[in-house]
Amino acid sequence: MKSPAPSRPQKMALIPACIFLCFAALSVQAEETSVTPQPPDILLGPLFNDVQNAKLFPDQKTFADAVPNSDPLMILADYRIQQNQSGFDLRHFVNVNFTLPKEGEKYVPPEGQSLREHIDGLWPVLTRSTENTEKWDSLLPLPKPYVVPGGRFREVYYWDSYFTMLGLAESGHWDKVADMVANFAHEIDNYGHIPNGNRSYYLSRSQPPFFALMVELLAQHEGDAALKQYLPQMQKEYAYWMDGVENLQAGQQEKRVVKLQDGTLLNRYWDDRDTPRPESWVEDIATAKSNPNRPATEIYRDLRSAAASGWDFSSRWMDNPQQLNTLRTTSIVPVDLNSLMFKMEKILARASKAIGDNAMANQYETLANARQKGIEKYLWNDQQGWYADYDLKSHKVRNQLTAAALFPLYVNAAAKDRASKMATATKTHLLQPGGLNTTSVKSGQQWDAPNGWAPLQWVATEGLQNYGQKEVAMDISWHFLTNVQHTYDREKKLVEKYDVSTTGTGGGGGEYPLQDGFGWTNGVTLKMLDLICPKEQPCDNVPATRPLSESTTQPLKQKEAEPTP
């Protein structure tokens, strides 16, 4: 006797399971068809630990990026023999057996360049090509040229690249945009996901998932052909983020997936390893030792997962904003990540429709709708009036307002009335003379006050514009651009982050000195310049007087000016 046909709601409930089971095979296949390179801390074992603990280099990333001159097993064997001999010199041993990363030549821009000219001149300076790498290099080869952030960041970074690509597109370099999308697709095919950066020690984690948005950007130039071409890789990346969901029970978490008590599926940041990060080895060990009440492996995992978030580090992840060892990234459901997952599902639906698979498109729409409901239910703080992260330990939405709260607006997942409240909260609590504060907390960490970061400025600007909040959007763009221009006028460079409590000052805090270059700042600056100035009269520098925003959707006109605040 046949079972009765399930009702429509039951059918819809089965859809996600079907997708997850089908695509889980994709991620497994990707992992099985490639040999995952081992990171230097595994290849070199005790030698790596000893070199990093000896602090031979001011930046721990230096030795993580060093290339062994011969088989690491042979180097390690030699080290074991020599290390206890009289007069052994560890620095000399390293210099003989490794090729250290070269410091890039300091770029000196031509005199008299405008801000736009400076950025356009930087694209070739920041472009790298690594089709082939040394056998034991931590650098992962990529088939096409790519643009790096700059400074100590000698490799391509995942979420940085999206904002860099916005600038490349604005400059008309669609060939470079296409190359970078192809590189990320290559990584998905080879490793099952896009790593934090193209280094072996970054393979255990990803970063905020912007690949689908990169494909959507490329589609602005190539049309639906880009969506069709990269649909398989977008599906594989989605499978990576949802890996483990098919066996998850209510109230459980598995890797990057969280299933709440009512069955709502959301995501969190996660790193597959629970050891010190090779690029910050000594710092991580010190952080773990400073809190003997927690297992070191737990702290290492949360440090790594914070790096996966892109916000390394921030009071956002900590119980005590002044103590990094209280961070617990893996027990927090981030509002920005889930907004990006919603956007990924929407783009997957669009791409599925482009290839004529309407059934699959409807399935992704169902997943996106379910996630949107989850965002509205769990990631909105009704008492405070803003979006926030959800705490898996307290089973409550957190109270802290951060710039991540603008992501639901950026991806058009926010309710209209809530977007209005977000505009008020942003202007009241985060807007500063030099742009948007990352948080309102001063912790000494780089993803806290008083630092402002280019990608968050753009997310906020675009998100607020999506909901007609143009005055606040203009405030953010103008304040940040003024900061960038003043810094450029004084130092002739763009930097990684800015102090937004004033204008004309680079940001501070964190594990390393301020870096210049800088990929995502360049990209966002170009987008904002073209936002505030009409296309028929583009500006090469930030105008001396502030354009007035309009209540309409028209571009902000340069001629309608008021005195600069």
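Keep in mind that glycine also has a Cβ here, set from the backbone N, Cα and C atoms.
It should be emphasised that the depicted structure is a prediction, and the values quoted were computed from it without experimental measurement.
Features as listed in Swiss-Prot:
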type	residues	note
SIGNAL	1-30	signal peptide
BINDING	Arg152, Trp159, Asp160, Asn196, Arg205, Ser206, Gln207, Arg277, Pro278, Glu279, Gly310, Glu511	substrate binding site
ACT_SITE	Asp312	active site, proton donor/acceptor
ACT_SITE	Glu496	active site, proton donor/acceptor
REGION	539-565	region 'Disordered'
Within the same chain, the residues at least 6 apart in sequence whose Cβ is under 8 angstroms from that of Asp160 (substrate binding site) are Pro149, Phe153, Pro455, Gly519, Trp520
Arg152 (substrate binding site) and Glu496 (active site, proton donor/acceptor), Cα-Cα, nearest whole angstrom:
11
Looking only at DSSP and grouping its letters into three states, which state does Asp160 (substrate binding site) belong to?
helix
Counting Cβ neighbours within 10 Å across all chains shown, tell me which of the active-site residues Asp312, Glu496 comes out on top.
Glu496
Candidate binding-site residues Arg152, Arg205, Gln207, Pro278, pick with smallest Cα gap to Asp312 (active site, proton donor/acceptor)
Gln207
Listed binding-site residues (Arg152, Arg205), ranked by Cβ neighbours within 10 Å, top entry:
Arg205
Under 8 Å Cβ-Cβ from Pro278 (substrate binding site), six or more apart in the same chain: what's there?
Pro39, Pro40, Asp41, Phe48, Gln52, Gln60, Ala64, Ser138, Tyr201
When a 10 Å sphere is centred on the Cβ of Gly310 (substrate binding site), how many other Cβ atoms does it contain?
23
Secondary structure at Gln207 (substrate binding site), reduced by DSSP to three states
coil
Just jot down the residues in the same chain as Gln207 (substrate binding site), at least 6 apart in sequence, with C-beta under 8 A of its C-beta; none if empty.
Tyr157, Tyr158, Trp159, Ile194, Asn196, Ala308, Ser309, Gly310
